[in-house]
Amino acid sequence: MWLFHTLLCIASLALLAAFNVDVARPWLTPKGGAPFVLSSLLHQDPSTNQTWLLVTSPRTKRTPGPLHRCSLVQDEILCHPVEHVPIPKGRHRGVTVVRSHHGVLICIQVLVRRPHSLSSELTGTCSLLGPDLRPQAQANFFDLENLLDPDARVDTGDCYSNKEGGGEDDVNTARQRRALEKEEEEDKEEEEDEEEEEAGTEIAIILDGSGSIDPPDFQRAKDFISNMMRNFYEKCFECNFALVQYGGVIQTEFDLRDSQDVMASLARVQNITQVGSVTKTASAMQHVLDSIFTSSHGSRRKASKVMVVLTDGGIFEDPLNLTTVINSPKMQGVERFAIGVGEEFKSARTARELNLIASDPDETHAFKVTNYMALDGLLSKLRYNIISMEGTVGDALHYQLAQIGFSAQILDERQVLLGAVGAFDWSGGALLYDTRSRRGRFLNQTAAAAADAEAAQYSYLGYAVAVLHKTCSLSYIAGAPRYKHHGAVFELQKEGREASFLPVLEGEQMGSYFGSELCPVDIDMDGSTDFLLVAAPFYHVHGEEGRVYVYRLSEQDGSFSLARILSGHPGFTNARFGFAMAAMGDLSQDKLTDVAIGAPLEGFGADDGASFGSVYIYNGHWDGLSASPSQRIRASTVAPGLQYFGMSMAGGFDISGDGLADITVGTLGQAVVFRSRPVVRLKVSMAFTPSALPIGFNGVVNVRLCFEISSVTTASESGLREALLNFTLDVDVGKQRRRLQCSDVRSCLGCLREWSSGSQLCEDLLLMPTEGELCEEDCFSNASVKVSYQLQTPEGQTDHPQPILDRYTEPFAIFQLPYEKACKNKLFCVAELQLATTVSQQELVVGLTKELTLNINLTNSGEDSYMTSMALNYPRNLQLKRMQKPPSPNIQCDDPQPVASVLIMNCRIGHPVLKRSSAHVSVVWQLEENAFPNRTADITVTVTNSNERRSLANETHTLQFRHGFVAVLSKPSIMYVNTGQGLSHHKEFLFHVHGENLFGAEYQLQICVPTKLRGLQVVAVKKLTRTQASTVCTWSQERACAYSSVQHVEEWHSVSCVIASDKENVTVAAEISWDHSEELLKDVTELQILGEISFNKSLYEGLNAENHRTKITVVFLKDEKYHSLPIIIKGSVGGLLVLIVILVILFKCGFFKRKYQQLNLESIRKAQLKSENLLEEEN
């Protein structure tokens, strides 16, 4: 049942999400009726605290007044025209209204035409109303040059005694912009009135066609009229002509209607036939009044009317009196010019008659020429006198299109600052005007920097104006959104009596209209400007989304620094964010100024309906303006059919009567008023009984939960009578196994309807242990109780503004229920954990190192340490072998768990309480014989506890890892070369490497072959071979090589091979040449080819460094050369002599005789035996 009750309670509530403008109950001005709203603002009379909604309107038949004041009457907005506001004649092109505690200033830009001016003028008329909206002063700027005083005082830069005047906290502006201008259709009568207001100039030419004029002179008169009309048509687009010829008869050659066709009118002039006879000048002038300047012949009531009389003599036989015609009522307002041709006008009577025809003064209206050929010399002078040439096509414009009052600020009870955006060819400027003296001083950039006049042209300076309250001074600023096509903000600076605008901030994107809207903000409401918001509503990303730049003002020198950039919802293009901005006062009720920014085209063209436009609310903080909006109000959520929602806005005053600041937002044709919602800030408290849990406690805990409003207002009290506070309790937050819980789940989710004693609400709750023992594992850490809360209100309740919790205060509070601890009557037990660790070695060689030992000594020299834990982080290539633990305290460790690239082993030391004691632990790891990817790794020991004031001890050891390998070079060997067996020898030098390389260590084999000895090239390397494809070899010529410095060698051939395998044979084939080297061989007996293994010792460890060097020695063998012929001859001669001597001695001894006889006997015996054998064979 309680669950159903809770769900029903929640379902009947509407969550209050928007902070903190109430969009559920807006008020709108009547749609389709008077007035048609262009802009709106709120104004309050300080003397009576009466607040009105002021709206501006275009000039129509239904809304004749440009300003209306509106009030809330029985939940409806009723509007009435503000009386005694002068309405200037002409077509209204814009209305600007600003207010301060000094009053209200309304300026109307009016399109008018001066008499005989060739072009229209767009200037302003301003009316200053008092705080009670009674008229105080009026200023008309049609003749601005006569109102200027270049020596008028400018107060900027001086200390200003009253900072309230013109301050950003009580000045709100609203003005109609061209981009959103869409006036109601006007009645036909009004259109006719406006046409007459721009009716132009009507010129009636009266030509003397009497008989006293010769035909050639009459033709010259017609040519003069043609040239005059053609000359005027080129400059004056609104000039119309009529031509009347007089003599014996008076006839209209063509009237004002016919002159619309320029070429036809010029042709008619040339086709005129002279009528002759008498000179009826007075009758001809009366004819123009009766038959030309009438509406039936194309004349407009408010057009400027001019007569040009061309005659060759005095009046003759005219029935009408000239004086009577001149003084007739129809002649009033008609300017007359007279041209007398001929000698007759030298007489006094005829001259007086000519002056009577012309208007005063005669110097500029009566002309005399001696003959008709001299008429063309009068054209330029006549044109200048008839039509004022200032402001004509091609000429520079000064104040004709100034639009005085396009933007405005009230400075005090007599001075105003008015933007003149169109002055000086739209370079713009500002007018500092004194409403009492009716004098002003024009301020612009051109006067200050004539060299930069080209950049100033068309910059629209004065599009927006504002006043900054700097430290003990005022500063006038003006926006120029087209300055150098990027836009800029100008600040008025003084040098002596000179004052001019100079740029201080410039836009960053072409066409962004940077500076079109300025909004000074006094965040802390101390009277000094803290920030300046500068809008660039056409800033382009995908479309013209717009953005706002927030600049901070320096308190020291008043300089600007960019604080942040604001932008609207990224999903909308062409939103024009920043089109309007306003400081809204303290909407969030934190004594800080809030700001509203409009995006009137956001959602334009969307499919969800005809409403479009949004307003963003940004709250002020002590360190500045918030970076994100607290609320986005869309037109579609307010009312259907609202267009350009956010084109103007203002706030800061209470029109609804609830004591809170309200705001108004302008849309096309209507104004919307929103009330702000009371902001509630709650102070939450919680009391526990018992205040601390004893060890082994198994009872219930009484909880007293109270909510107290820290800031009570009438609106908040009224709203809280109907609001509900929904709160939720989360007991033992952050614990996987909770030790306490609510005795009844319903008591942890409450719908509270009544507040006790107005500002405080309390509730009693019960907490009880969960199933099992209350203190099974964690009996020492506090039990955290989190209270989350929110305000809710019944749906459809709009009688009072709905309260809302402060957006910037977390809607929850956390309270701690501690356990009792034996800590010498102190609130917290403070343990003092000390950790000391050592490792058996810092450098480990994979493949060589077998074990690593870490000794850990943990000491608690303080009070009890609860739930003491030790975390041991070590690299994965260390495998736990054994762990030596003391018998006391008890240490229990979990199995290591892989986390990322390490293993973590968690140990519980002396759980639950580690008393004052020490523990020594030894951890032994075995190093895996696998390649380790990193050069270093850390072993980290971290010890923590669960005391309220946690203790933390940790130590880290960094291990250096290298990988071992075995590489053996073949033993040194000797080779022999017989240098006497030819001039060159081909040799191959083999370097054999073998060993064990389990971890893919890369090492280098360097072979050094001496090639040049004493400047002679002895050895040339021909070829290099290797057996492994992975081996990469390079070679170069070096002057020194390897580890040995061998004498006589000047150059080496160095071969470097990178090897990563177990075995490799590298063979270097070379050619040894001895040509021209006989002298060298006298001193050089051998060559040494060197071989050496090297490697990166920071990565690898060579396990047999004694076998990393070898050499191959080449020994040279040398043969002696002898002259053999003399020795042979001498030996032969000596031998013969010795033989002869021996023979002589033997002969004398009879040696040869006995021997010879024996030989002969043996020969005879052999012959006989042979013969006997032959005979036997034959037989």
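Residue 1 is the first one shown; counting continues down the chain.
Cβ coordinates are placed from backbone N, Cα and C, and glycine is handled just like the others.
Per Swiss-Prot, the range carrying the annotation motif 'GFFKR motif' out of 805-809, 1030-1034, 1150-1154 is 1150-1154. Which of Cys751, Cys762, Cys775 pairs with Cys706 is settled by Swiss-Prot: its disulfide partner is Cys762.
Annotated Ca(2+) 3 site Asp654, Ser656, Asp658, Asp662; additional same-chain residues within 8 Å of its Cβ mean position, judged by their own Cβ, are Phe653, Ile655, Gly657, Gly659, Leu660, Ala661, Arg675, Ser676, Pro801. In this structure the C-alpha atoms belonging to Cys1041 (disulfide bond) and Cys829 (disulfide bond) are separated by 71 Å. In the predicted model, the topological domain 'Cytoplasmic' (1148-1179) has a mean pLDDT of 55. Using a 10 Å radius centred on the Cβ of Cys823 (disulfide bond) and all shown protein chains, the other Cβ atoms total 16. A gap of 28 Å separates the Cα atoms of Cys893 (disulfide bond) and Cys823 (disulfide bond). Its Cβ taken as reference, Cys126 (disulfide bond) is surrounded by 24 other Cβ atoms within 10 Å in the chains shown. Burial estimate for the binding-site residues (Asp654, Asp658, Asp662): highest at Asp662, by number of other CB atoms within 10 Å. Taking Asp654, Ser656, Asp658, Asp662 as the binding-site residues under consideration, the smallest Cα distance to Cys79 (disulfide bond) is found for Ser656.
Considering only the disulfide-bonded residues Cys126, Cys823, Cys829, Cys907, Cys1033, Asp662 (Ca(2+) 3 binding site) has Cys126 as its nearest partner by CA-CA distance. If you take the Cα of Cys706 (disulfide bond) and the Cα of Asp658 (Ca(2+) 3 binding site), they are about 28 angstrom apart, rounded to a whole number.
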